[in-house]
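Peer 1: Before we start, here is the structure in question, set down as structure tokens.
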Amino acid sequence: PTSDDTPEVLNRALSNLSSRWKNWWVRGILTLAMITFFFIIIYLGPMVLMTIVMCVQIKCFHEIITIGYNVYHSYDLPWFRTLSWYFLLCVNYFFYGETVTDYFFTLVQREEPLRILSKYHRFISFALYLTGFCMFVLSLVKKHYRLQFYMFGWTHVTLLIVVTQSHLIIHNLFEGMIWFIVPISCVICNDIMAYMFGFFFGRTPLIKLSPKKTWEGFIGGFFATVLFGLLLSYVMSGYRCFTCPVEFNNDTNSFTVDCEPSELFQLQEYNIPLVLQSVVGWKTVQMYPFQIHSIALSTFASLIGPFGGFFASGFKRAFKIKDFANTIPGHGGIMDRFDCQYLMATFVNVYIASFIRGPNPSKLIQQFLTLRPDQQLHIFNTLKAHLVDKGML
């Protein structure tokens with residue numbers, strides 16, 4: 001059954017409007033509130049952003065697991081909720097432990113307890129998972145085996161979708177705030193513009209899973225998002241606080257985002273294709289190379305990103321629910337807002353690994369310094385011989 005979760009203040013203010021326009025205003029006001037909150041957490045810095053990502057991940061996991069519990073709760077399965085949250089803890093311990101070791105290597109090596117935990121991190125993670133696995137086997141109840149294995153699979157697929165991909169969001173953040181903000185903003189822009197174009201001009205249904213989605217909204221959202229991505233990238237590429245990788249300063253024990261901008265964020269001159277020169281009247285244009293990458297990001301956010309939403313719609317229809325939860329009036333649950341974001345995060349991470357990221361000299365030096373003196377000397381002599389052969393020494 002559906003219920004009206006709109007705040008009473010908005011209900012009274014919009015009481016004279018039709019349900020269509022009332023929903024439009026409710027969604028619009030709450031969208032502006034969420035965008036304002038998004039700007040605030042960006043201003044507060046990387047640490048707050050990572051905390052918010054963690055909170056969103058936990059809430060999304062809770063919403064999906066609660067659906068499973070509500071569907072099957074009559075069987076009173078033992079330990080189901082306890083084991084679900086235990087597996088969430090195990091997976092987060094594994095992923096965040098890997099991140100700490102990777103990005104805070106010097107800090108880990110400096111503290112004895114952290115060094116021990118880092119050295120045996122994967123063994124500890126595996127031992128924690130095995131404990132949960134054994135607890136699950138011990139909880140099996142006769143006549144309910146199949147159902148319990150369904151729920152075991154439900155939990156693991158939820159972990160794969162939510163935890164793994166939220167972890168990739170944090171990895172993107174460490175590459176530079178711009179790799180976090182632009183993709184998320186493109187998804188938000190596409191969601192808003194597709195809704196606006198669909199609301200005012202929509203006539204042709206797009207997909208049966210989402211009857212309200214239209215081709216007009218889909219196409220209008222695409223062009224608006226690509227243009228938005230280009231403009232946002234141009235503005236953000238000029239600020240070091242957005243373009244520099246997020247690094248941990250061991251002297252101050254804090255995050256820093258100060259560096260010499262890479263070539264991606266330095267203005268370059270590009271020739272305009274002959275076909276377009278007669279239209280725009282220019283032969284060349286100055287752009288940041290990142291803007292070209294932003295076209296790929298915004299295109300994915302517009303054309304493939306919505307399939308995350310369609311997937312979520314199919315999931316909700318399978319269990320005959322309207323939304324994952326009623327956390328945000330007019331929008332549903334947190335998972336309803338982040339269904340496309342997780343797919344986008346995976347794409348950005350793969351894109352950076354494939355086309356952007358190269359070897360990191362500082363990490364190589366950190367690892368070099370942890371080797372035994374004889375190993376360091378061997379590497380030094382090998383590197384020296386290589387540079388002599390190339391004529392550089």
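Keep in mind that glycine also has a Cβ here, set from the backbone N, Cα and C atoms.
Annotations per TrEMBL:
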type: TRANSMEM; residues: 24-56; note: transmembrane segment
type: TRANSMEM; residues: 77-96; note: transmembrane segment
type: TRANSMEM; residues: 123-141; note: transmembrane segment
type: TRANSMEM; residues: 148-170; note: transmembrane segment
type: TRANSMEM; residues: 176-202; note: transmembrane segment
type: TRANSMEM; residues: 214-236; note: transmembrane segment
type: TRANSMEM; residues: 290-312; note: transmembrane segment
Peer 1: Within the same chain, where does the transmembrane segment (148-170) have neighbours whose Cβ lies under 8 angstroms from its own Cβ atoms, ignoring anything closer than 6 residues to its ends? I mean 6 or more beyond.
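Peer 2: Sequence-distant neighbours of the transmembrane segment (148-170): 50, 53-54, 56-57, 60-61, 64-65, 68, 72, 77, 80, 83-84, 87-88, 91-92, 95-96, 99, 136, 139-141, 180, 341-343, 345-346, 348-349.
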Peer 1: Against which stretches of its own chain does the transmembrane segment (214-236) lie, if we need a Cβ under 8 Å and a gap of at least six residues from its ends?
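Peer 2: 178, 181-182, 185-186, 189-191, 193-199, 201-206, 242-243, 287-288, 290-291, 293-295, 297-299, 301-303, 306.
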